[in-house]
Each structure stands twice: as C-alpha cells, then as structure tokens.
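Data block below; observations after.
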Amino acid sequence: MAASTASHRPIKGILKNKTSAASPPVVPSAEQPRPIVEEELSKKSQKWDEMNILATYHPADKDYGLMKIDEPNTPYHNMIGDDEDAYSDSEGNEVMTPDILAKKLAAAEGSEPKYRTREQESSGEEDNDLSPEEREKKRQFEMKRKLHYNEGLNIKLARQLISKDLHDDDEDEEMAETADGDSMNVEESSQGSTTSDHLQHKSQSS
C-alpha cells in the first residue's frame with residue numbers, strides 16, 4: 001500500500017516553491033478552471049514588442065562598431081617628366097632584346113635620377129634660412145653623401161682603369177718581347193752573314 005500512495009504523490013524537489021507553500025494542495029488539471037491557467041501563463045511569460053525592439057536595437061544608421069570608409073581609392077600616377085619615353089615600357093608589344101636594353105641603359109646612364117634633381121631644387125630654398133656655419137655643415141654633409149652614393153660608380157671606374165692599366169702592361173710586355181725577338185733575329189742574321197762571308201773568303205782563297 002505504501003507503494004501505491006508513493007506513486008500518487010508528486011516528487012518534491014530540494015528548492016521550495018513559493019506557489020506550493022501558499023496554494024492549496026494540487027488538484028488534477030481536469031478539475032481546475034481554465035482562466036487560472038491562462039493567468040499563470042501571463043504571469044510567467046513576457047510579451048515582446050518586436051517592432052519596438054527592431055526600432056530600438058537595430059536602427060538603420062547604427063554601425064555596430066564597423067567603420068565605413070568613404071574615401072576614394074588611392075590614385076596611381078605614372079612617372080611624370082620630360083624623359084618619360086626613356087623609362088616607359090609602353091612602346092607597344094616590343095620584345096626587349098639585349099641591344100635595345102643596352103641602348104636604354106646607355107641613354108639613362110648619363111641622366112641623373114629625378115629624385116636627386118628635386119632634392120637639389122628644394123635644398124636651394126632651404127639654404128636661405130640657415131646661418132653660414134649651418135650652410136657649411138650642410139654642404140659638407142651633402143658632399144659626403146654624394147661620395148657615398150657614387151661609390152658604386154667610383155668602383156666601376158676604378159675597375160675600368162685597372163683593367164686598362166693591365167691591358168697596357170700586357171701590350172708593353174708583348175712589344176718588349178717582340179723587340180727583343182727582332183734584335184735577336186737581327187743579331188742572328190748578322191752573325192749568319194758574317195759566317196757566310198768567312199766561308200766565301202775561305203772558298204775564294206782556296
């Protein structure tokens with residue numbers, strides 16, 4: 001009998017239920033009137049005004065921490081200058097051969113880079129504001145900087161001079177050897193002629 005009474009009683013939880021302490025014992029749902037159930041549901045649940053939520057939390061102008069960049073794209077400028085054709089690669093679909101490349105390099109070698117000419121133009125304007133000591137320091141600095149940046153050119157020139165000197169030395173040695181060889185040939189021929197003269201004198205005298 002204890003088993004049958006235990007099956008009809010609801011299982012009690014550890015936590016106290018506020019409604020169970022104040023309300024009368026639980027009556028099966030068939031005996032309860034309907035309005036009480038709706039009343040309990042309205043107390044426990046909330047009604048959401050979805051249009052109000054959309055208007056409040058999702059306005060059209062809200063960016064949610066994301067930035068919109070309204071800048072135009074950075075423009076790309078081709079090289080601007082007088083000798084654009086010397087540096088441009090837009091001569092049709094012309095194939096770059098070593099001869100053409102050598103001609104272009106030779107044409108570009110004599111001209112000074114554009115950034116250096118711009119630096120020189122701008123430095124002339126700045127010199128007017130400096131004292132004589134500062135001008136002298138700046139002049140020395142620029143001179144040292146030019147020497148440093150032109151060091152590669154100086155190395156090329158030094159190599160050319162060294163190779164030219166070596167080539168000249170080789171030619172001098174060859175000329176000295178040929179001169180020595182010629183003098184030896186002259187001596188041999190003169191010795192040969194003297195011996196032939198002696199032989200002729202001997203043959204005539206005998």
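Count begins at 1; order follows the chain as displayed.
Cβ atoms here come from the backbone N, Cα and C positions, even for glycine.
Sequence annotations record features per position, and here Swiss-Prot assigns compositional bias 'Acidic residues' to 81-92 (among others).
Sequence annotations record features per position, and here Swiss-Prot assigns compositional bias 'Basic and acidic residues' to 111-121 (among others).
Per Swiss-Prot, compositional bias 'Acidic residues' is recorded for 122-131 (among others).
Taken from Swiss-Prot, the feature compositional bias 'Basic and acidic residues' applies to 132-143 (among others). Counting residues per DSSP class in helix, strand and coil order gives 12 helix, 0 strand, 0 coil for the compositional bias 'Basic and acidic residues' (132-143).
Annotation source Swiss-Prot lists compositional bias 'Acidic residues' at 168-180 (among others).
The N-acetylalanine feature in Swiss-Prot is assigned to Ala2; the stated evidence is similarity to another entry.
Under the three-state DSSP scheme, Ser45 (phosphoserine) falls in the coil class. Long-range Cβ contacts of Ser45 (phosphoserine) within its own chain (separation 6+, distance under 8 Å) are none. Among the features that Swiss-Prot reports, phosphoserine is placed at Ser45 (among others).
Residues annotated as phosphothreonine in Swiss-Prot: Thr74 (among others). Within 10 Å of the Cβ of Thr74 (phosphothreonine) there are 6 other Cβ atoms, across all protein chains.
The phosphoserine annotation in Swiss-Prot covers Ser88 (among others).
Under the heading phosphoserine, Swiss-Prot lists Ser90 (among others).
Around Thr97 (phosphothreonine), no same-chain residue at least 6 positions away in sequence has a Cβ under 8 Å from its Cβ. Residues or ranges marked as phosphothreonine by Swiss-Prot on the basis of a large-scale study or a structure entry: Thr97 (among others).
Per Swiss-Prot, phosphothreonine is recorded for Thr117 (among others), and the stated evidence type is a large-scale study or a structure entry.
Residues or ranges marked as phosphoserine in Swiss-Prot: Ser122 (among others).
Marked as phosphoserine by Swiss-Prot: Ser123 (among others).
The phosphoserine annotation in Swiss-Prot covers Ser131 (among others). Note: Ser131 (phosphoserine) has no non-local neighbours, i.e. no same-chain residues 6+ apart with C-beta under 8 A of its own C-beta.
The region 'Disordered' annotation in Swiss-Prot covers 1-36 (among others).
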